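Peer 1: So TrEMBL says this about it:
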- 6-25: transmembrane segment (TRANSMEM)
- 9-52: domain 'Phosphatidic acid phosphatase type 2/haloperoxidase' (DOMAIN)
- 32-52: transmembrane segment (TRANSMEM)
- 64-83: transmembrane segment (TRANSMEM)
- 95-113: transmembrane segment (TRANSMEM)
- 133-152: transmembrane segment (TRANSMEM)
- 191-212: transmembrane segment (TRANSMEM)
Amino acid sequence: YQYPLMFGLILAFCWCSLVCCSRIYMGMHSILDVIAGFLYAILILVVFHPVVDLIDNFNLTYKYAPLIIISLHLALGIFSFTLDTWSTSRGDTAQILGCGAGVACGSHVNYLMGLKLDPPPHTLPLSLSSLTVTVFGKAILRLLVGVIVLLLTKVAMKKATIALACRVFRIPRDDIRKARQRMEVELPYRYITYGMVGFSLMFIVPCLFHFIGLS
């Protein structure tokens, strides 16, 4: 959408500030952690921005892209952490990696099936339309339907993956919270569950919107 540059800058600054301050307020990171993370994000942006289109084209068009994406994200989750004690960081990382893999795979399936969910390039940038009751109601309905589908996906996959991981690795299920802290359970549960959430976000939910006339 075409919007004023200053509006975009203010929105980006406010969102970034809220995220950074929340990490400090919750006690998850120190000020130095947040500064280092912010600078690291800028470095990633500088390095990867020139090749974003190339990576996106690979994800969409290469036949074996989903296999490579899943393997790479899974390997990063497994080899990133060797913890002596349990920490939320490992699960959070697996959650982010799984969601990213799911989004990439969902985009790949959309491309393979010829689902053009985005407007044609020649129509961009879109102009902001006036807010009417119909537009607002449609947006709220899309939000509710999408959130419900994603929540149901998360609950179903969480229940199935924890039980499966415990059975495969022969971990007692008497205390689910303790079982979830084991790497053998935590990584598959987080990765598969949020991988499916990401896949649903990019493929299942948009298809549902198209089917019920909410596109």
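For all residues, glycine too, the Cβ spot is worked out from N, Cα and C.
Just so you know, TrEMBL annotations never went through curation; they're auto-generated.
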Peer 1: Is it true that the transmembrane segment (191-212) and the transmembrane segment (32-52) have 3 or more Cβ pairs under 8 Å, skipping pairs fewer than 6 apart in sequence?
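Peer 2: In this chain the transmembrane segment (191-212) does not contact the transmembrane segment (32-52) - fewer than 3 Cβ pairs sit under 8 Å.
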Peer 1: Mind checking which residues reach the transmembrane segment (133-152)? Cβ under 8 Å, same chain, six or more beyond either end.
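Peer 2: Same-chain residues near the transmembrane segment (133-152) but 6 or more away: 197, 200-201, 204-205, 208-209, 212, 214.
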Peer 1: Which sequence-distant residues neighbour the transmembrane segment (95-113)? Criterion: at least 6 residues beyond either end, Cβ under 8 Å.
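Peer 2: The answer is 59-61, 65-66, 69-70, 73-74, 76-77, 190-204, 206.
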Peer 1: What is the pLDDT of the domain 'Phosphatidic acid phosphatase type 2/haloperoxidase' (9-52) when averaged and given as a whole number?
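Peer 2: It averages 92.
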Peer 1: How many of the residues that make up the domain 'Phosphatidic acid phosphatase type 2/haloperoxidase' (9-52) does DSSP mark as helix, as strand and as coil?
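Peer 2: Within the domain 'Phosphatidic acid phosphatase type 2/haloperoxidase' (9-52) the tally stands at 39 helix, 0 strand, 5 coil.
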